[in-house]
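*Asks:* OK, TrEMBL features for this one:
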- 27-50: transmembrane segment (TRANSMEM)
- 43-294: domain 'G-protein coupled receptors family 1 profile' (DOMAIN)
- 62-80: transmembrane segment (TRANSMEM)
- 100-122: transmembrane segment (TRANSMEM)
- 142-166: transmembrane segment (TRANSMEM)
- 202-227: transmembrane segment (TRANSMEM)
- 239-262: transmembrane segment (TRANSMEM)
- 274-296: transmembrane segment (TRANSMEM)
Amino acid sequence: MLTSGNSSSHPVSFILLGIPGLENSQFWVAFPFCAMYVVALVGNITLLHVIRTDPTLHEPMYLFLAMLATTDLVLSTSTQPKMLAIFWFHDHEIEYHACLIQLFFIHAFSSVESGLLMAMALDRYVAICFPLHHSSVLTPSVVGKLGAGVMMRGLLWVSPFCFMVSRMRFCPNRIIPQSYCEHMAVLKLVCADTRVNRAYGLFAAFSVVGFDVIAISVSYVMILRTVLQLPSSEARLKAFGTCASHICVILAFYIPALFTFLTHRFGHHVPRVVHIMFAILYLLVPPMLNPIIYGVRTKQIRDRVIQGCYGKDP
């Protein structure tokens, strides 16, 4: 059924298929996804608790990490409960406005996560290249403003194409061959010219990811130059060690994200099941891995903070 308005006609709800091609296996596939989601929840909540309660971790790097953990909780929770309901209880229907809200949260907080990874790269750059000025440059006020700026960018960049989708007329077909509501998947159900919406989606994606990747790359080029000029191999290894966790998190986020983005728009010959699996993992693997990567050596992290880990000698 369609609900009509002055300038739009939309279905009351959509049907999420889950993973087309794996209908008979979805019940069992859901178990590892559920385990990953539980790890993401417990890991990120624990990380937030440790950072909040340990005064030695009230430093820019860990304040950004707390923001990243919060973003991971939002990203994973925006998709996983509904996805598990589809796999286990065959609850395929999602209300129209709930679908748009899910779409907004996925894309907005993906932008926020990318921005936070960029901010953390800048933190590493200042910490290693200008260690004596780190605390005066990245004050709590500056960290808060960077976090707020990243959040506002995500909200402002994503809001227009969500608004444009909400004003379009939909076709009678309301089946989304996905496990969650994603911009391009929803756009394919529109019975109208979607070129402006598609163009803006590409612009938003490339401007956000392009700017962040360039900033991260420049930061690490400068870091590499500084580290290679250090007098001892021990100092170089220590400097590289402070960046290792961040580099792992960057790869865990951008590799599946770029694969999902490119195959959705240009990978017409990629099997649908492969694309959908990557789309699920893109929203699940980073939230699961981030607290593990940063929290597996909590005691060592605390010791480094106490000793002045931001490129300084203990």
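Yeah, the Cβs are placed from backbone N, Cα and C, and that goes for glycine too.
Note: TrEMBL annotation is automatic and uncurated.
For the listed features, I'd like the structural context: burial, neighbours, distances.
*Replies:* Sequence-distant neighbours of the transmembrane segment (100-122) (same chain, 6+ residues past either end, Cβ-Cβ under 8 Å): 61, 64-65, 67-68, 71-72, 74-75, 78-79, 82, 94, 146-147, 149-151, 153-155, 157-159, 162, 165-166, 180-183, 186, 204, 208-209, 211-212, 215-216, 219-220, 246, 249-250, 253-254, 257, 283, 286.
Same-chain residues lying 6+ beyond the ends of the transmembrane segment (142-166) with a Cβ under 8 Å from its Cβ atoms: 8, 10, 60, 63-64, 67, 100, 103-104, 107-112, 115-116, 118-119, 122, 183, 186-187, 190, 196-197, 200-201, 204, 207-208.
Beyond the ends of the transmembrane segment (239-262), by six or more residues, the same chain brings 68, 110, 113-114, 117, 120-121, 124, 127-128, 205, 209, 213, 216, 220, 223, 226-227, 230, 275, 278-279, 281-282, 285-286, 289-290, 293-294, 304, 309-311 to within a C-beta distance below 8 angstroms of the stretch.
Sequence-remote contacts of a segment are chain residues at least 6 beyond its ends whose Cβ falls under 8 Å from one of its Cβ atoms, and for the transmembrane segment (274-296) they are 19-20, 33, 36-37, 39-40, 43-44, 46-47, 50, 65, 68-69, 72-73, 75-76, 78-80, 83, 106, 110, 113, 177-180, 182, 245, 248-249, 252-253, 256-257, 259-260, 263-264, 267.
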*Asks:* Over the domain 'G-protein coupled receptors family 1 profile' (43-294), what does the predicted model average in pLDDT?
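*Replies:* Mean pLDDT for the domain 'G-protein coupled receptors family 1 profile' (43-294): 89.
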